[in-house]
Amino acid sequence: MRKLILPVLLIAIFALMPLIAELVGKNALMTLSARILMYAMAAASLNLILGYGGMVSFGHAAYFGVGAYVVGILYSHWMSEVPVFGLFPGSNQLLVTLPIAMIVSGLAALLIGALSLRTGGVQFIMITLAFAQMIFFLFVSLTAYGGEDGIIIRRANEVPGLNMRDKTTVYYVILVVAVLYFAWMWRVVNSSFGQVLKGIRQNERRMEAMGVATYRYKLYAFVLAGTGAGLAGALMANFLRFTSPDMMHWTKSGEMIIMVILGGLGTFFGPILGAAAFLILEFYLADWTEHWQLALGLILLVVVLFTKGGIMGVIARLKGGRE
Amino acid sequence: MILILEQLLNGLQYGVMLFLLAAGLTLIFGIMGVINLAHGSLYMIGAFAGTWVATTTGSFWLGIPAGLIAAALVGFLVEATVIRKLYARDHLDQVLATFALILIFNQMIILIFGRQPIFTPLPEVFYGSIEIIPGLFYPPYRLLIIAVGLLVAVGLYFLINRTRVGMLVRAGSTNRDMVRALGVDVRLLYTVVFGLGALLAGLAGYMTGPILAVQVGMGEDILLATFVVVVIGGVGSIKGAFVAGIGLGVVDTMLRAFLPTILRGFMAPSDADAIGASVSSMGIFLLMAIVLLIRPKGLFAAGG
């Protein structure tokens, strides 16, 4: 039962957030809360390869951006009624665009992962960064889809029976998708697949000697991580009603890594707490001073140099338990 | 033909700049095992400090020692306070901590100098252009950059291959632990190497000032290209940094100069310019991906 306390508490907080925001008269709180949910999903997907699998991917924002662009591109084709590549029509249905966003970003991850995973160490970090930069510049060059300015999505994708023009409704849709995603993630990391992944991080050679095809497992994880980021990006495009290459800038990949580390590498709730801590910090620091990045940098430096295991590590130590 | 030659020279000039940055980065990488994302910040600090001194004193030449000293001092400080704690950590911690340094340095520069780009005054000697070969006019300042870059390359070659410090550096990039086991004071070696890297970054920053704007964020723009050079050249290899730096400089400049024109043959001019520009930006990353897939350790990787 004790295991359920944190998830129930988190869901309750997120579910009550729109009400709280209305009570204190700060709509920005709901926006912040929605951003936390979406970045938590993206960070959790990165955590699967970074924390559980030990693969330092420095290009995770690319899949996030690809997911967002799938929504944007499908929407612009639905508006103009011109088929995508002349093959299939655009769409403004969330139940259509989300799966397509996951598939496309998964395919991008498959291609990039298949090539990148042949290297390791520093070279892996750099090659994932390189591919992400290529995707970034690819979207900058797509003048048909706004180039550097991106695509404005006039209305959030529709869901039958829901009024998606209402921001609060969109918020709850995001919450439902996030809860489903984390439930699925819970199953993944606790499955035998998750165990193999952790084994690979600890000692890849040993796993290989045990007869595990490590390359294939790492690639599966890489693709799953890509789809997760794509899903989060697709939601983000709907929430912001906007998508641009900025979403996949390499510093965004850096921010996702920060969220994972801040929360606690390779822990289930780490990415949620990390995303929350990062975005809340950004929210209030930016409110306080225009030079908030200076404070953020200092805090980050202290966290990296002097704490072990991020927020989850601190919690574990406070409880006196051993992780 | 003249146009191609001119762009070749531009490529060479960009290439030696990349080399100045990559040489330090590859040594820090290879010898200390540290991924230093803040290397671009040292480049920025050199540019700002040098330019500030140059504009206050009115002398371009005084800016050079100022930029070098500022970058080296900050380099020593950073090494002593942050980098030293990162040697034993994994790459992830290093990436994060130095990413934090980028945020800190960028904001400090904004606090001191503001967000507006500043410009370096050029001495009158460098005004106009000179005719190198009949028909080819070229700005002398860019020639100076090329000359300085090549001089540094020669100097580094002798430092690395002919001196005792260089021997330790070579040994360090081949097998760090063995050097330590042999009783060499690696901490001192690390500080020297980091300081040298910072010095070269500061030099590169100040020298580029008159060509590009000196502004916040200039470090990040060139940092990624520098990392590409380091990885393609092979971590820890000065020779690799030189070959890859010049190579990438030329390829990148050529793509930027000629790709839009070539594409105009197929498509509308505005599309050609946009696609040409971003495909050229992709070029170096594509090159790196290809090199790594064929030689996962880079072209001239040091050690095993």
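Including glycine, each Cβ sits where the backbone N, Cα and C put it.
According to TrEMBL, the protein carries these features:
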TRANSMEM  B:12-38  transmembrane segment
TRANSMEM  B:58-83  transmembrane segment
TRANSMEM  B:95-114  transmembrane segment
TRANSMEM  B:141-160  transmembrane segment
TRANSMEM  B:188-207  transmembrane segment
TRANSMEM  B:222-251  transmembrane segment
TRANSMEM  B:272-294  transmembrane segment
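Note: the stretches the transmembrane segment (B:141-160) and the transmembrane segment (B:188-207) are in contact (3+ CB pairs below 8 A, sequence gap of 6 or more). Ranked by the number of CB pairs under 8 Å to the transmembrane segment (B:95-114), the listed stretches B:12-38, B:58-83, B:188-207, B:222-251, B:272-294 are led by B:12-38. Outside the transmembrane segment (B:58-83), and at least 6 residues removed from its termini, the chain residues within Cβ reach (under 8 Å) are 32, 34, 36, 38, 42-43, 45-52, 97-98, 101, 120-123, 190-191, 194-195, 197-199, 201-203, 205-206, 209.
Against the transmembrane segment (B:188-207), the recorded stretches B:12-38, B:222-251, B:272-294 differ in Cβ pairs under 8 Å, and the greatest number is found for B:12-38. With a threshold of 8 Å between CB atoms, the same-chain residues lying at least 6 positions outside the transmembrane segment (B:222-251) that come near it are 8, 11-19, 21-23, 25-27, 29-31, 37, 39-40, 43, 153, 156-157, 160, 173-174, 283-285, 287-288, 291-292, 297-303. Packing against the transmembrane segment (B:272-294) from elsewhere in the chain are residues 225, 228, 231-232, 248, 251-252, 255-256, 259-264, 266: each is 6 or more residues past its ends and has a CB under 8 Å from a CB in it.
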